[in-house]
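What TrEMBL records for this protein:
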type	residues	note
DOMAIN	B:37-411	domain 'RNA polymerase beta subunit protrusion'
DOMAIN	B:186-362	domain 'RNA polymerase Rpb2'
DOMAIN	B:438-502	domain 'RNA polymerase Rpb2'
DOMAIN	B:539-599	domain 'RNA polymerase Rpb2'
DOMAIN	B:621-674	domain 'RNA polymerase Rpb2'
DOMAIN	B:681-1054	domain 'DNA-directed RNA polymerase subunit 2 hybrid-binding'
DOMAIN	B:1056-1146	domain 'RNA polymerase Rpb2'
Amino acid sequence: MSETASLNMQDIPQGQLPEHIELQRARVFCKADAPVHTEDVEYSGAYAAVGFDNSLQVDDFRRDFRVEIKNLSMDDIEFDMIGIDASLANAFRRILIAEVPTMAIEKVLIVNNTSVMADEILSHRLGLLPIEADPRLFDFLSENDTPNERNTIVFKMEVHCKKRGPRLTVKSDQLKWLPNGSELLMESPNPSTKPRSFTSFSCSQASLPQISGRPIGMKHLDIIITQLGPGQSIELEAHAVKGTGKVHAKWSPVGTTWYRMLPEVKLLKEVRGNDAEKLVKKCPRKVFDVEDVGHAMKKAVVSRPRDCTLCRECISGAGEENIALRRVRDHFIFTVESTGALPAEVLFTEAVKILEEKCERVISELS
Amino acid sequence: MGYREKDSVETHNNHAKPIKSAVDKFALLPEFLKVRGLVKQHIDSFNYFINNEIKKIMKTNDRIECPQDPSLYLRYTKISIGKPVEYMEHHAEKLTPNICRLSDRTYASPIEVDIEYTVPNQTNKEYKKGLVIGRIPIMLRSSCCVLSGKDEAELAKLGECPLDPGGYFIIKGNEKVILIQEQLSKNRIIIDTDSKGRVNASVTSSTHETKTKTVFFIDKDKIYLQLNQFSKPISIMIIMKAMGMENDQEVMQMLGRDPKYGFLLFPSMQECRSEKIITQKQALEYLQGKLANLSSLRFEINKDDRVKKILINVFLAHVPVKDGNFRPKCIYTAVMLKRMMDAVLNVETFDDKDYVGNKRLELSGQLVALLFEDLFKTMNSQVASRMSKAYDKASRSTPLYFIHYMMSDTITNGLERAISTGNWDLKRFKMNRKGVSQVLSRLAFIATLGYMTRVSPQFEKTRKVSGPRALQPSQWGMLCPCDTPEGEGCGLTKNLALMTHVTTDEEEGPLIKWCRKLGVVDVEDLSGEELHAPDSFLVMLNGLILGKHTKPQKFANAMRKLRRKSVIGEFVSIFVHERQRCVYVASDGGRVCRPLVIADKGVSRIKEYHMKELRDGVRSFYDFVREGLIEYLDVNEENNALIALYEHEIPKDGHGEDNADVQKSSITHIEIEPFTILGVVAGLIPYPHHNQSPRNTYQCAMGKQAMGNIAYNQLSRADTLLYLLVYPQRPLLTTKTIELVGYDKLGAGQNATVAVMSYSGYDIEDAIVMNKSSLDRGFGRCIALKKQIVVKEIYSNETSDRIVRPQNEPRKQALDADGIAAPGQIVRRHDILVNKQSPRNKKDRITNPMALKDCDYAPSNVSYKGPEGETTVVDRVMLYSDKDNKMCVKFIIRHVRRPEIGDKFSSRHGQKGVIGTIVQQEDFPFSEEGICPDLIMNPHGFPSRMTIGKMIELLGSKAAVSSGRFHYGSAFGEPSGHADKVEDISRTLVKHGFNYSGKDLLYSGISGKPLQAYIFMGPIYYQKLKHMVLDKMHARSFGPRVTLTRQPTEGRARDGGLRLGEMERDCLIAYGASMLIYERLMLSSDPYQVQVCRQCGLLGYYNHKLKTSWCSMCKTGDSMSSLKLPYACKLLFQELQSMNVVPRLKLTEY
């Protein structure tokens, strides 16, 4: 920006921010040594002096907010959320990690375990296995509840490695769903009464209309749980309940979920000839391309700014004069990697619902 | 100096060619360690004892005679040590180390001897073969051990870990290491100054028969000898005369022509003359008068003989006197005098006691040999005395058979006791050392290895000396410069470097023969004058003067050639000492040495084809030594060598030669690998050469506390306490040492993604912030296995405890039908492990101990003593019978712990820290890749610690995960490619889209906005240390009190109180909080109500029957007052009274 004396400055049109302020408002500058302007200006009247209204209007938000799905597979989704504040995008991220419930094995009843793996560790490993069951169909099991078909999923595992055989790798496919609940009987203090099992199912879960179509099981059948030596065996029952990632990471529905702000790579000066070639070569993510501008002259252009991982190779040394690396403040590239209980896109809507619910709760508490 | 031989044409041809890139000699290292093992020094020395030394000991003590009748004797003809067995009642049971560890037995072999002995009135000798005279503990992996020569599968079958180094003993189930003992070398002249600043020459003579110390010192210009046997220092000239050197001129000649020496000796001569001693006879008579009255009463017979005996056996005892020929001793004395005078004339010639070349390492073989020799002699004298007692008995029913008096427990018990207590108390050798053997630490695999290489110091640790603690230049390559403890043992306790070898004794006979052949002239054939002839060097062999040689360099080169041709032993050292004009040839045991590549004029003898043959397996490390490509140099001989670090570092001949500080042609050796100057423990540190040196030392101490895997057999061991990591990993950034010692297979840590940033304020003072989800997923999770033993006691009246089936009682839910807790059962504190009952009557004789009724037993349950409020699980239950045939039950109780606030973690750079807070994953920062760190470390840990190595580790690990290749960070490894350069690492990072400096853009997990700085983030190998809050936290309100003082108990183990100490008290006094002091010091401690008599001021008592106070002194209850004071105070009064001190209390009313 060229220096101008303050008296000679142009009048700024009201209701519009000067270019450099607007840039600071809408972009994060990723300089070579540190990112600057990372914090946005939240105060609605921050630019009142120039007549710019910094408040967020619901109508504007409805008009400008966009979601563009870039990539959708079984368990993963990548989409752009445009026109939203970081705090909201972060809220979704946080809710996804910690507050969207899933089913996970919480209680393991070990009948026999002669493997080298200790019971506790075996249980811990079982707990981390993702279960393909829609958590929305189940209730939370609170402290005084008895486990029933509405809040508990029971799995059974019985593996034995033959004597004089090779070692056996126990994988998650060995866990069998018991739709009728626990088969193990509680030791009762009174031998005359009929022994009860550890769950009290009123009916088979398979007969429940919501479940009957899709039997419950492990999401991945090839997760190694442990290995058994010849003659060793494991017999256990695992009870899965509903929970949230806040309590334990095993209930987190996502492996991880995160966002990044849309990279913006701007060439401040034209980069030509050899320098252009060098620039293209410098970038490991191939953000730049070379374009012919005729007269055997070549020019560098930014062709894939989205791929920029901010290695800052292009702005190292004197590069900072030519190139500006920025992030668009209200454009989030959101990635959700589901562990498999629910598809990633459903998870996000669940997260939105939870936020909605929270808002409603606040509103109702306030009123 | 040395090695200037003109060698074959081949080298010259090679010389002409341009030097190619250096040969990668790294492959030699694993090969070296394969043949040698990490603890070969221990095993070698023990093998030497078992195969050679024990026979020598037997030979010198092979005859036991009946004192009354010398024709009645026993003679040992053969001694051998078998395989480890234990004799049960009727059969011999083969022992394996793991059986011994689990059932608390000693891993020992029988010592078998063949004997012949005479029987009175019988002409024929009796013979007996294979008589067992005792059991000797066997070192694991020694030649007698069942594990020697076994491959991995066979070891697994025996329940043994293939990575376990061996080299220790198993005594009553405990693993014991005999530490390497450091000592000043024996039979060498050491010139030093004593505490009074006098010049002092001392020799500690050590032969098989005796150990003595001879000291010469200069006092007021006169030279004296100090010997324990003489009450006063003796002038040296008198000693010379007593040895037959009556002629002063000859003594002078022996010192050399230079008049300087004459001047120095002159006062001594004068003193001798003033005492009027001229002849040998006069000298001996004079010495007689100076004898110390130590034990003179017993040997009154011939005093003259005694002086001579002392001169032969005590004075410079290692110099042999054959047929009364004192000449070698005179020459030796003269050499000592000359060296002393040199020291007076030139201060530089003093010897350095801390110089590693003047040190000898005593290994387990030698120590056990001493012990055995002592016990063997004790046993022999016991046999003789028993025999003599039996002989004296008039009425003998049985004939006198020697064999009846041989008992095997002297040696068995003696060896077992010494090794298990560590007390080497051998009166015969005037040895009284404590802590020689120690329990092998199994806390971490590295701790075990560290123990095996530890060198324990000669001095007591409390001495405040700096000299021996300082890093010695001669330590280079022999002793690790990093691995030493902090505090009192700093610099004294050392550790061997990776390639160090400790020699064992070697035969001198062939060496002497070769020396003679190469032209060493016997000194006895020379006149005193010729001794120090200017053109000749003295040749010393193991501290003895062998002769002299006129061409020392040539002689040394010839000897070295012989060594390289394997004609003489590979560990013989030849050292030309220019200043002392001596050639030292050494073949004694305990010298440290290390292998080096021989270079001819700077050109390595090892060529690429040698290495190829090694890689193809047709060549072994031994072949390299045998063919003279590699040789072992000890510390002294290193002084004659010029050792280059790398071959390619040597500047080319011709150009630039003058600029180089060393001439290439003068280089004689090349290091195999520079990182071998570090030891095993320091070898774990990546990039240690980028760290501030104390940090490496701290890490060496901490690496031994890291949890991880102990051994492959860790789950079938029964240690008192074992910490295991649930998911141990191998470091992403490894070193070559890690791979060599097997740390990559038995890791003790996890690769944690670390973000170096400030977070939440709970990270001050090195605290770290942990990600809760990481902990949920198993980071830092560990298993603590604790052992509890229950013995089913057998009492003197033949009754015994019994274990009975439990009824349905509280706290007994873990018990099986057999009354013993079952594996897999959850136990809490105070739960019963064994439902045991003891007989009520344990002393009186009972007719039928088996037929006791139920009512005769009282319950004596054994409950679990564990942390309160934690759930633990019985991991294993082992039943066995101990050596008294009592049934024992061993419980291994398992506790799985996840990290909590206050648990200690450390990286491999001496950067320890505790968990300050645990934070939810969603609050943690995340990167644009979605990576969320496992822990956050405060950047303030870096500037003052200067652990650049840690930063490079982070970069290297980050490159390693992104490229999928383990990266290396061996010490000094950049030039040889054993450490990745930062440049290359940065390039890899950029290739994978990271910033070259490892700094990423992170978003705050709380606000969702980018952080205002790029954060240095990547994986670092973190170790979980054994210090955990659970084992340390302690608080109490009520609790137990000590019976004597009625004050609260002390210490966490006894649920003790927290002391308000002196300084805290001072604060309260200064503040004026008197009521608080009153409460803390009395009410909360030991309040007590006493009755004081106002008349006599003494304590009375309260009679509860009469409901009055009473003074038993005044015999009245009239003037009693009641008073509150601490019970300890009352106790003090009473104790004083018992000592006839009467404390009287004077009471006044306020």
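Every residue gets a Cβ built from N, Cα and C, even glycine.
Nobody curates TrEMBL annotations by hand; they come from automatic prediction.
Between the domain 'RNA polymerase Rpb2' (B:539-599) and the domain 'RNA polymerase Rpb2' (B:1056-1146) there are fewer than 3 Cβ pairs closer than 8 Å, counting only pairs 6 or more residues apart in sequence, which means the two stretches are not in contact. The residues of the domain 'RNA polymerase Rpb2' (B:438-502), classed with DSSP into helix (H, G, I), strand (E, B) and coil, number 17 helix, 11 strand, 37 coil.
Look at the domain 'RNA polymerase Rpb2' (B:539-599): DSSP puts its residues at 13 helix, 27 strand, 21 coil. When the stretches B:37-411, B:681-1054, B:1056-1146 are ranked by Cβ pairs under 8 Å to the domain 'RNA polymerase Rpb2' (B:438-502), first place goes to B:681-1054. Mapped onto DSSP helix, strand and coil, the domain 'RNA polymerase Rpb2' (B:1056-1146) counts 32 helix, 24 strand, 35 coil. Confidence over the domain 'RNA polymerase Rpb2' (B:186-362), given as mean pLDDT on the 0 to 100 scale, stands at 81.
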